[in-house]
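These features come from TrEMBL:
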BINDING   Lys5, Asp6, Glu7, Ile8, Arg9, Arg128, Leu129, Gly130, Arg131, Gly132, Lys133, Gly134, Tyr135, Tyr136  ATP binding site
BINDING   Glu56  substrate binding site
Amino acid sequence: MAASKDEIRRTIRALKRGLDNRQRQNAEADVLFRLMQCDEITQSHNLLLYYSLPDELPTLSIIKSLLPGRHIFLPRVNGDNLEIVEFTGHNLATGAFGIKEPTGEAVDIKSIDTVIVPGMAFDRKGNRLGRGKGYYDRLLRNTRCWKAGIAFNCQIIEEVPHENHDITMDIIITEKETIRPEKG
């Protein structure tokens, strides 16, 4: 019998707690290197990233590395939805859930080329398990942008339980591998 979403979240949280700061920093550098090998990233002009939570793969160096020559956008929580705001390099304030969020005017998600998406777990088919609030599924439901999930390698599992409304990834990148799911 497949594990429930809540069981998977508990297991992944425990695995991530076992990572020390050096492992986290090394993973961030390795994921950045792999991201920069993707034409979809290097050719994107409007990228949506996210400011990581303490238990997530760190993203600050990734954001800073991708900022020059591109428009970088970060999400901001507004009720049950995410808004997209351009990140200038300085316009951050602590928002919902203690997450750093950009200040400024929200923009339409349709202007985004590529989205780098967090997740609790991913599988090799491109399925993603989030934290359970559905923010990214709602945000990305009606977009055609390229979606890259980034995570620690311990977050890759055999099968993520998924439903029709769940958004799949075009690529998943960890510190150890780049996974390009077969579409079809």
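Cβ coordinates come from backbone N, Cα and C, glycine included.
Considering other CB atoms within 10 Å as the measure, the emptiest surroundings among the binding-site residues Arg9, Lys133 are those of Lys133. Lys5 (ATP binding site) falls within a helix when secondary structure is assigned with DSSP. In this structure, Leu129 (ATP binding site) is part of a beta strand by DSSP. For the binding-site residues Glu7, Glu56, the ranking by surrounding Cβ atoms (within 10 Å, all protein chains) places Glu56 first. There are 16 other Cβ atoms within 10 Å of the Cβ belonging to Tyr135 (ATP binding site). You'll find the Cα of Arg9 (ATP binding site) roughly 13 Å from the Cα of Glu56 (substrate binding site). In this record, ATP is bound by Lys5, Asp6, Glu7, Ile8, Arg9, Arg128, Leu129, Gly130, Arg131, Gly132, Lys133, Gly134, Tyr135, Tyr136; the longest C-alpha to C-alpha distance in that set is 21 Å. Its Cβ taken as reference, Leu129 (ATP binding site) is surrounded by 20 other Cβ atoms within 10 Å in the chains shown. Note: the CA-CA distance between Arg131 (ATP binding site) and the residue listed as 'substrate binding site' rounds to 11 Å. Arg131 (ATP binding site) counts 14 other C-beta atoms within 10 Å of its own C-beta, drawing on all protein chains shown.
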